[in-house]
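So that you can see what the record holds, here are the features copied from Swiss-Prot:
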type	residues	note
BINDING	24, 25, 26, 39, 62, 63, 64, 65, 121, 161	substrate binding site
BINDING	211, 307, 338, 364, 365, 366, 367	ATP binding site
């Protein structure tokens with residue numbers, strides 16, 4: 001089946017109707033300051049379309065991982081303040097999610113205005129494994145919309161969660177796919193069906209264990225998988241090399257060895273760095289040097305050395321692979337990009353993506369934060385996903401509850 005779209009909803013007429021929108025406002029904060037407003041900006045078009053059409057918009061969202069109760073540090077206030085600065089319509093924040101404040105604020109909402117309900121994860125029922133508990137919370141959210149409400153899912157970063165505001169609400173209201181979710185799905189389909197080749201995947205980040213399922217599904221589909229980040233050291237260990245004090249998942253070495261064998265049989269090439277930047281300690285000002293990837297313990301720091309970035313030769317080789325591709329998907333930084341001394345590998349990958357003629361997708365999460373932190377603009381890439389975990393699970397071939405419920 002095909003999901004109904006936002007344009008279909010607007011064509012039906014939304015003036016004066018309460019439209020419940022699940023947005024993605026899960027942004028990084030430094031105290032009360034939003035440090036990356038990419039997801040807020042991405043949520044604006046749908047909210048603007050609805051308010052322009054006269055809808056009374058109720059926004060649900062989460063921030064962080066509160067433990068089922070209100071915590072000031074996880075309030076949506078900073079995100080909503082930024083949203084209000086960017087929006088061309090009135091935006092307010094309710095003091096709670098489904099309590100008296102939310103009900104009163106919703107009742108006083110006017111056509112063309114938006115009300116953001118406080119963090120849905122302040123209510124333990126949002127993420128409950130119990131269907132009845134989640135359903136009860138969803139019923140309270142739906143009650144805010146009155147007799148002629150509708151639901152729009154525009155939070156791609158949450159579609160892999162079977163949560164009340166994502167899944168259960170959609171089963172209780174006429175439901176529609178937001179433009180952001182629609183775009184994300186269309187982009188990711190290009191990575192899984194009729195993909196333009198050569199198809200190069202760049203995988204980084206800390207742990208192999210976080211990427212096992214996506215690696216498994218990419219074998220035989222991707223032409224080349226470039227490996228960086230902390231996970232590269234488990235690949236080096238699988239090839240029989242010592243990695244000193246670098247991050248190593250000992251229990252995944254056998255799994256990686258199996259992947260390498262299967263990939264060779266399936267025609268997928270794994271490319272592992274030939275040089276790495278090794279540091280004396282994990283710190284921004286740590287002494288460091290570049291060494292061959294198969295001789296990490298030969299660095300000045302011996303067995304205490306910690307690999308914190310791919311080396312310049314590897315970065316150049318990876319860039320060449322990217323520039324020769326037709327499709328590129330990147331998920332995970334190549335090193336500790338937050339430290340300037342260990343950001344060169346990640347910067348090189350980002351730069352290569354901006355220079356290739358390939359269709360490029362930056363897979364959300366740390367990768368999206370990295371390109372922005374390093375000074376790249378979103379429009380320099382084909383697409384920057386708003387969903388890190390959701391993007392990976394889509395590429396793993398998993399059914400995503402928040403999408404499947406829209407297709408019912």
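Here, residue 1 is simply the first one shown, and the rest follow in order.
Quick reminder: no glycine exception, Cβ is built from N, Cα and C everywhere.
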If you count, for each of the binding-site residues 24, 338, 366, the other Cβ atoms lying within 10 Å of its Cβ, which residue has the minimum?
338
CA-CA, which of the binding-site residues 211, 307, 338, 365, 366 lies nearest residue 62 (substrate binding site)?
365
Across all the protein chains here, work out how many other Cβ atoms are within 10 Å of the Cβ of residue 121 (substrate binding site).
26
Euclidean distance between Cα atoms of residue 307 (ATP binding site) and residue 26 (substrate binding site), Å:
30
Nearest of the binding-site residues to residue 307 (ATP binding site) by CA-CA distance, picking from 24, 64, 121?
64
Listed binding-site residues (64, 307, 365), ranked by Cβ neighbours within 10 Å, top entry:
307
Reduce the DSSP letter at residue 365 (ATP binding site) to three states and note it down.
helix
Could you measure between residue 338 (ATP binding site) and residue 24 (substrate binding site) for me? Cα positions, answer in whole angstrom.
24
Could you tell me which of these binding-site residues, 62, 211, has the fewest other Cβ atoms within 10 Å of its Cβ?
211
